[in-house]
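Swiss-Prot has this to say about the protein:
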ZN_FING   37-61  zinc finger
DOMAIN    248-329  domain 'Toprim'
BINDING   Glu254, Asp298  Mg(2+) 1 binding site
BINDING   Asp298, Asp300  Mg(2+) 2 binding site
Amino acid sequence: MIPREVIEEIKEKVDIVEVISEYVNLTRVGSSYRALCPFHSETNPSFYVHPGLKIYHCFGCGASGDVIKFLQEMEGISFQEALERLAKRAGIDLSLYRTEGTSEYGKYIRLYEETWKRYVKELEKSKEAKDYLKSRGFSEEDIAKFGFGYVPKRSSISIEVAEGMNITLEELVRYGIALKKGDRFVDRFEGRIVVPIKNDSGHIVAFGGRALGNEEPKYLNSPETRYFSKKKTLFLFDEAKKVAKEVGFFVITEGYFDALAFRKDGIPTAVAVLGASLSREAILKLSAYSKNVILCFDNDKAGFRATLKSLEDLLDYEFNVLVATPSPYKDPDELFQKEGEGSLKKMLKNSRSFEYFLVTAGEVFFDRNSPAGVRSYLSFLKGWVQKMRRKGYLKHIENLVNEVSSSLQIPENQILNFFESDRSNTMPVHETKSSKVYDEGRGLAYLFLNYEDLREKILELDLEVLEDKNAREFFKRVSLGEDLNKVIENFPKELKDWIFETIESIPPPKDPEKFLGDLSEKLKIRRIERRIAEIDDMIKKASNDEERRLLLSMKVDLLRKIKRR
């Protein structure tokens, strides 16, 4: 059996527009493509292909589906045959999955399944582990229902299971279930309570672990493997998708204990992200079942950032988004533990449309007691307004303008004029001095964080000439080549705040490459200007006319270089 994740990977890698254009003549219309329908006779085109959603739809005959179904219908072939063709096109080898019992995938999921069964038995024997779960509000029935297990310290359970399956220790490490400590192999999750993480087909492909004491990290997920990708996996999605169409929405949370709290409170469509925020790959999964979501992340700055990042991508895919905040508690799990049954349902009923959250987030991240702070706050919101306008969220813009006007005590028409202006320095507040919303440092940091393919080029630039000390410190730290998320996690608060303000205050460039080129050019000019300043100092200190003439000549050459640029 071919796992759902692999099928989704094939659809992600294959360009649906490219495939369909081999059969019909597609014409671009906005963000979609249009053609005469290949499935029925018509004179006016009503067949549309949406590359962002990776689907096609005909408004005439109702034909619709993904790239696999299109190939099936056009060629009259089976699902398996269509998948084989597209897999070849995507460069994905399906031979690993053809016989589940003997394939590597089959071996992998059987290993996780058998190891999990042993972990469940260990939990039954551990009073400490059961007491911890009960302290978190889980009954005996909950513990069994959610599949909790426990891995004793210095455990070698997975090694014993692997030996019985003729799986080598090297494979065990590669599968992410064990690791080597010194000269011995141990279970990766030793000393932790674990919960199974399943793929879309309901097979266990990873574990989530929680330390019983104060050990760090407190939470630990399995590492990425060939069959487990954090950005492609949502905790509890395999169950939530079955009822999502009936319920009508998903609840997106930040951790598995939060998702389980929602389940205990009778919300069957709660899922948890396994990364910092909701990924685009996960959003595509959700869109197949419902385009209505309620975001409910932690009630702190990190949770707000995750909400903003998730919201940005959800709007790109034209979702209907509400935001719920577990105030005054830190997360949904704590709210449920403190307030009890019905508390999470009540919170969801009080959730508000995303534009109100944007206003609140801006108030949290920007100091609105100064003109500069108000500028940053409004620039942050302006970027969102531009996105909302492009996606047709016009009523939401109206709500946002009204909310900001009330908050800042500035007339709505002035707020709206600022949001619609081309230049961010037309501030609807009094300022004695104008300033740029961002400089080269912020611009380069924005590109570095959002465009992975540009990072190498950015690090090759003359970054020492950046005037912003935060920008210099940022690039000094990220240039070490370590995992970006881990590096940022260790940043001091001031630098983290600077990064967030940078991300949120700069609108996405239409052409990132050109934007980088412009910023690079500014750095070159800045380097020349520094050299000119150095020469001016040398001229003042020159001991004779000959030396002064030489220095002046050098200065003139540099000024010409600037002029030519």
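Just so you know, glycine gets a Cβ as well, placed from its N, Cα and C.
Long-range contacts of the zinc finger (37-61) within its own chain (CB-CB distance under 8 A, at least 6 residues past either end) are made by residues 11-12, 15-17, 20, 23-24, 26-27, 29, 31, 67, 70, 73-74, 284, 287, 316-317.
Summarised by DSSP class, the composition of the domain 'Toprim' (248-329) is 33 helix, 17 strand, 32 coil. Applying DSSP to the zinc finger (37-61) sorts its residues as follows: 0 helix, 8 strand, 17 coil.
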